[in-house]
There are 2 protein chains.
Amino acid sequence: MRVMGVDPGLTRCGVGVVEGAPGKPLRLVHVSVVRTSPDAPIAERLLGVAQGLEALLDELRPDAVAVERVFAQHNVRTVMGTAQAAGVAMLAAARRGLPVAMHTPSEAKAAVTGNGRADKAQVTMMVTRLLRLETAPKPADAADALALAICHVWRGGAQARLESARLGARSRGGNGQ
Amino acid sequence: MRVMGVDPGLTRCGVGVVEGAPGKPLRLVHVSVVRTSPDAPIAERLLGVAQGLEALLDELRPDAVAVERVFAQHNVRTVMGTAQAAGVAMLAAARRGLPVAMHTPSEAKAAVTGNGRADKAQVTMMVTRLLRLETAPKPADAADALALAICHVWRGGAQARLESARLGARSRGGNGQ
């Protein structure tokens, strides 16, 4: 299973692609950061993020995309742009018919370090070890995207099954929002 | 000048297209609501909003798109979806090379009623009057999108000039964020 993890942002959007399966070794396929200028209008920045992610999706052809879940209560100043970059990533995946999952930062940290409150250095160290890299992945910014992709490789199957059960139960119960 | 106003949302995304110029009569071109199911996964809903808006942009060919500015502090439960729908609208416009403006709900209300805190009934009444419609525009949900488009017809030119002055000043001053 090949998974693209996306750590959404307008200034820096981390992208990490990993191959693996639960209980099998992981392999690094790609790591990079899509950047846009803080001086550009927001619509142009969203277009830059979309074009960057679309080029990577078309080149690397992942089986699924995992996007970091953004919370409204954190970083109020930048949260709207982060949410919009996440939306652009989900849209690009949906256009290609790819399943999209969201994982929280704590879930990704817990998946790779065993601790949902691990710091950046711990996450980078474990990502380096799990992918059997000789040096830490560069750019460092994208370690979170790799952690997210690894988290999805390990949790993805289970979560997809839960989600389809939930949707089935909801549509049977007619529980609209 | 033909302007598409977008009142972003995942369950209902209001779209109103208006033609006019400052000091000239306004004309209603289109009003509708793009809907997606609350039971669908978010990525699919964003795709539904994108496809609905793109079809309208390609059919109605506005000169500019005005999107309601979403604030992080309101409606925390739904704000992320609203922000993402706004991002999808901005992206669709940017892909077509169209200028995108954002106006706050208060700016749109003040533009059409003279009162930034006008209620829905006042906004609908003034939109109906300004567009010289015999009955209130339907669906009622989209009156906000029409108010936004009218706001942009009247303020757009001035704001575009301010924005380009601001960007010019910023790039001259090298004030990166």
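Our numbering is plain: 1 for the first residue shown, then up by one each step along the chain.
Just so it is clear, glycine is given a Cβ too, placed from its N, Cα and C backbone atoms.
No curator has checked TrEMBL annotations; they are predicted automatically.
Some features that TrEMBL has for this protein:
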{"type": "ACT_SITE", "residues": "A:ASP7", "note": "active site"}
{"type": "ACT_SITE", "residues": "A:GLU68", "note": "active site"}
{"type": "ACT_SITE", "residues": "A:ASP141", "note": "active site"}
{"type": "BINDING", "residues": "A:ASP7, A:ASP141", "note": "Mg(2+) 1 binding site"}
{"type": "BINDING", "residues": "A:GLU68", "note": "Mg(2+) 2 binding site"}
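Ranked by Cβ neighbours within 10 A across all protein chains shown, the active-site residues A:ASP7, A:ASP141 are led by A:ASP7. On a Cα basis, A:GLU68 (active site) lies 6 Å away from A:ASP7 (active site). Distance between Cα atoms for A:ASP141 (active site) and A:GLU68 (active site): 14 Å, as a whole number. Long-range Cβ contacts of A:GLU68 (active site) within its own chain (separation 6+, distance under 8 Å): A:GLY5, A:VAL6, A:ASP7, A:PRO8, A:ALA86, A:MET102, A:HIS103, A:THR104, A:PRO105, A:ALA108, A:ASP144, A:ALA145, A:LEU148. According to its DSSP assignment, A:ASP141 (active site) is helical. In the three-state DSSP classification, A:ASP7 (active site) falls within a strand.
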